[in-house]
Amino acid sequence: MQAALEVTARYCGRELEQYGQCVAAKPESWQRDCHYLKMSIAQCTSSHPIIRQIRQACAQPFEAFEECLRQNEAAVGNCAEHMRRFLQCAEQVQPPRSPATVEAQPLPAS
């Protein structure tokens with residue numbers, strides 16, 4: 001969970017910040033009053049191109065991390081290495097290049 005939260009904070013930080021402020025401001029009713037902000041985080045994480053790439057490229061280390069957490073519920077610190085591997089993988093994923101940023105290559109002379 002912590003690894004996923006770190007990735008979410010990196011790429012959907014604005015949404016996460018707004019949700020956190022709402023929860024802090026409405027301690028009695030945050031579940032109801034801040035639900036739409038929670039949904040905006042979900043929308044960001046499901047649609048952000050880099051997060052989609054991370055989910056694909058780093059599925060194996062993330063699954064290993066989740067499995068470690070299940071096996072070590074009472075001692076999640078035992079999973080620090082698994083989390084480090086996932087975050088290391090996530091950091092290596094490059095954002096997709098949009099067609100506008102790809103430089104045109106000259107055609108070879110014939």
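Just so you know, glycine gets a Cβ as well, placed from its N, Cα and C.
In the three-state DSSP scheme, C44 (disulfide bond) falls into the helix class. Of all the Cβ atoms in the protein chains shown, 17 others lie within 10 Å of the Cβ of C44 (disulfide bond). Annotation source Swiss-Prot lists disulfide bond at C12-C44 (among others).
Remark: C34 (disulfide bond) has Y19, C22, V23, K26 as non-local neighbours, by Cβ distance under 8 Å and separation of at least 6 in sequence. C34 (disulfide bond) carries neither a helix nor a strand DSSP state and counts as coil. Look at Swiss-Prot and you will find C22-C34 (among others) tagged as disulfide bond.
Classification of C89 (disulfide bond) by DSSP places it within a helix. Around C89 (disulfide bond), the C-beta neighbours below 8 angstroms that are at least 6 residues distant in the chain are I54, A57, C58, P61. The disulfide bond feature in Swiss-Prot is assigned to C58-C89 (among others).
Among the features that Swiss-Prot reports, disulfide bond is placed at C68-C79 (among others), with the record citing experimental evidence. Around the Cβ of C68 (disulfide bond), a 10 Å sphere holds 16 further Cβ atoms from the protein chains shown.
Residues annotated as domain 'CHCH 2' in Swiss-Prot, with sequence analysis given as evidence: 55-97. Along the domain 'CHCH 2' (55-97), the predicted structure has mean pLDDT 88.
Residues or ranges marked as N-acetylmethionine by Swiss-Prot: M1.
The annotation motif 'Cx9C motif 2' is assigned in Swiss-Prot to 34-44 on the grounds of sequence analysis.
Same-chain neighbours of the motif 'Cx9C motif 3' (58-68): 3-4, 78-79, 82-83, 85-86, 89-90, 93, counting only residues six or more beyond its ends whose CB sits under 8 Å from a CB of the stretch. The motif 'Cx9C motif 3' annotation in Swiss-Prot covers 58-68.
Annotated motif 'Cx9C motif 4' per Swiss-Prot: 79-89, in sequence order, evidence recorded as sequence analysis.
For C12 (disulfide bond), the same-chain residues lying six or more positions away in sequence with a CB closer than 8 A to its CB are I41, C44, T45, H48, I51. Applying an 8 A CB threshold to same-chain residues 6+ apart, the list for C79 (disulfide bond) reads F65, C68, L69, N72.
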